[in-house]
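Sequence annotations record features per position, and here TrEMBL assigns domain 'CMP/dCMP-type deaminase' to 8-135. If you look up TrEMBL, you'll see CYS60, CYS93, CYS96 marked as Zn(2+) binding site. According to TrEMBL, the feature active site, proton donor maps to GLU62.
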Amino acid sequence: MSNTISKEVQDKLFAKAIAAKDTSYSPYSKFRVGAALLTEDGTIYQGCNIENASFGAGICAERTAYVKAISEGHNKFVALAVTTDQDDFVSPCGICRQFISEFGPATLPVYLLKTSGESQLLTLADLLPYSFGLEQGQKYILK
Ligand code: THU
């Protein structure tokens, strides 16, 4: 399976990730994050970070996008884009990496976007090498 998407789809994914920041609820950190997740059938789910007065109850943009997609019946993913208001590549946190890795594939393209428009392409395996996953779960926990 190729881990690239067409320029046209990529542009759409990036635009949706940027637009997703508009609904970020981040009054505490004032750090807006937007994510866009492309599913196998071409649907793009947007996600933003949603914070809470009880800080630990917040959720990251990436997991918001995944929760939206999965709860709507999608579990095959093609690409993810993540953006913030920084002219910097901000990559998914550890909890998000683990959450995303549950669904894979290891070759999932993850695009990090700077405000300048520059993008960096990584894979899920780049972000979370030696991950703990379903295989080990089945072998040792669900046996
Ligand atoms: N955040 C995300 O939404 N995604 C990440 O990958 C990193 C952090 C959010 C969580 C919190 O609302 C804010 O950014 C500051 O950490």
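Count begins at 1; order follows the chain as displayed.
Note that Cβ sites are derived from N, Cα and C of the backbone, with glycine treated the same way.
Annotations in TrEMBL come from automatic prediction, not curation.
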Item to check | Secondary structure tally of the domain 'CMP/dCMP-type deaminase' (8-135) (DSSP, helix then strand then coil) | outcome: 44 helix, 33 strand, 51 coil
Next on the checklist: Counting Cβ atoms within 10 Å of each candidate's own Cβ, which of the binding-site residues CYS60, CYS93, CYS96 comes out highest?
Outcome noted: CYS96
Item to check | Cβ neighbours of the residue listed as 'active site, proton donor' where a neighbour is any other Cβ within 10 Å | outcome: 28
Item to check | Zn(2+) site, defined by CYS60, CYS93, CYS96: further same-chain residues with Cβ within 8 Å of the Cβ centre | outcome: ALA61, GLU62, ARG63, PRO92, GLY94, ILE95, ARG97, PHE99
Next on the checklist: Mean pLDDT for the domain 'CMP/dCMP-type deaminase' (8-135), rounded to an integer?
Outcome noted: 97
